[in-house]
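K.L.:
Quick paste of what Swiss-Prot says about this protein:
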type: BINDING; residues: Gly42, Pro43, Ser44, Gly45, Ala46, Gly47, Lys48, Ser49; note: ATP binding site
type: DOMAIN; residues: 6-226; note: domain 'ABC transporter'
Amino acid sequence: MPQAALRLDKVTRSFSQGREVLNVLTGADLAVNPGEIVALVGPSGAGKSTLLQICGLLEKPTAGEVRIGGISCGQLSEDRRTLLRRDHLGFVYQYHHLLPEFSAAENIVVPQMIAGIGRKPALARAAELLAKMGLSERQDHRPGQLSGGEQQRVAICRALANRPKLLLADEPTGNLDPNTAERVFQALLDLVRGEGLAALIATHNPDLARRMDRIVTLREGKVVAA
């Protein structure tokens, strides 16, 4: 049995609101295996973004355990959590968050150089990913010169630049029109499968969810099979 790329065990997350406590996650259990693409669905306000933030080590759970590639994350220092994020995780958000003054290729080079990769191999990796996304002719364009779909495809390339083991995506096509969303989502699936990653992708779109390997629903603070 392969080591899960991501495992949550009885994860809870509560927030204080004055004298009241808001329980967003109430014992979430989830495993995502290497090479598996899992859709995370649920109504607005169910806590999908909170769950992804915890999976990405950007928030700490109130209780429970998060394991990334078999590594228990609860007692890690902030420096160690940062390294684990850098080396094991990739993130795609609803908005692309590209650096406007840099070209498409440079946006993909930056996280690699932060990780200690030299500029030449970083540029080669950027060119490889952009080619897979059908953007070779756009690699020298800045974000403002790209369409919304192209910007999001560059953001996906950036997320995969450091060859993560796990991709986390929060409504990655939510800002796009239906036709563009379809093209971007298919490109995302093709690239994730080609790279052999595990992925947890939050979406409100049931048609997109059904194209993934498995669907889980966040309901009343727990993760249940769809």
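Glycine is treated like the rest: Cβ placed from N, Cα and C.
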K.L.:
Give me the sequence-ordered set of same-chain residues, not including Gly42, Pro43, Ser44, Gly45, Ala46, Gly47, Lys48, Ser49, with a C-beta within 8 angstroms of the centroid of the ATP site's C-beta atoms.
P.N.:
Leu218
K.L.:
At a 10 Å cut-off from the C-beta of Lys48 (ATP binding site), count the other C-beta atoms across all protein chains.
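P.N.:
Taking all protein chains shown, Lys48 (ATP binding site) has 22 Cβ neighbours within 10 Å.
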K.L.:
Between the binding-site residues Gly42, Pro43, Gly45, Gly47, whose Cβ has more other Cβ atoms within 10 Å than any of the rest?
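P.N.:
By the 10 Å Cβ neighbour count, Gly47 comes out on top.
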K.L.:
Near the Cβ of Ala46 (ATP binding site), how many other Cβ atoms are there if near means within 10 Å?
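P.N.:
That number is 19.
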K.L.:
Could you find out if DSSP has Gly47 (ATP binding site) as helix, strand or coil?
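P.N.:
The three-state answer is coil.
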K.L.:
Within 10 angstroms of the C-beta of Ser44 (ATP binding site), what count of other C-beta atoms is obtained when all protein chains are considered?
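P.N.:
Taking all protein chains shown, Ser44 (ATP binding site) has 7 Cβ neighbours within 10 Å.
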K.L.:
Over all shown protein chains, what is the count of other CB atoms within 10 A of the CB belonging to Ser49 (ATP binding site)?
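P.N.:
The Cβ of Ser49 (ATP binding site) has 18 Cβ neighbours within 10 Å.
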